[in-house]
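J.: To start, I am sharing the structure in question, which I have written as structure tokens.
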Amino acid sequence: MTGIGVFLIAMVCSFGGSIPPGSINLSVMQLAMQNKKAGALTFAIAAAMVEFVYAGVAVRFQIYLTEHVEVASWFKWISGGVLILLGVLNLVKKVKQVERKEIGEKRAGFLKGMLVALANPLAIPFWLAVTAYLQSMNWVRLSADNYLLYVGGVSTGTFLLLVSVIYLGSRFSSIQDNVFVLYRLPGIIFVFMGLWTFIQ
């Protein structure tokens, strides 16, 4: 697969994986709806940079696994189990109204985006599981030569989703209230991905 293909697949997966509401995109949406688009944009840049680092850690470990078959053989079962667990959690999740706190202008920029994103280390196991699935499907073949393109795609997808949140504003807020789109559909997809990992 070409480097562009690796980049695009990572970008699409990251964009889709960033849609469910969390501290990052809810903070960006809050800033956008307060007409603080400059602060929201710097927040998005910082969050995308942290995602680059977290995804980089996950992908480097994934490359290690592909180079050590004896370890990768059992990790396949772990990654499949993680995907199924993520899916089940999404399917049974009871949705609560998220309290959207006011965010001050001075706290709304780059530093806050960095801190909020750093507080989300679950990105590492998420990208471990997703990357393992993509490789098991032969959609990507990661190596020391192209992993930066993959991680760059992850970071770009996160950034594009957050920019979409900024400019969609209240319209994105209505999407955030759709339980099926945000939780049930991703849950079904994750369960399918996990089961397919076991079948392969």
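Every residue number used here counts from 1 along the chain in the order it is shown.
Heads up, the Cβ atoms here are built off N, Cα and C, so glycines get one too.
Here TrEMBL flags 6-28, 40-62, 74-92, 113-135, 147-169, 181-199 as transmembrane segment.
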J.: Quick test of the contact rule: Cβ under 8 Å, at least six residues beyond the ends. What residues does that give for the transmembrane segment (6-28)?
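T.: Here the qualifying positions are 40, 43-44, 47, 51, 55, 90, 98, 100, 103, 112-113, 116-117, 119-120, 126, 130, 134, 139-142, 146, 149-158, 160-162, 165-166, 175-176, 181-183, 186.
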J.: Six or more residues beyond either end and a Cβ under 8 Å away: which residues meet both conditions relative to the transmembrane segment (147-169)?
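T.: Those are 3-4, 6-19, 24-25, 28-29, 31-33, 37, 40-41, 43-45, 47-49, 51-52, 55-56, 59-60, 63, 127, 131, 140, 175, in sequence order.
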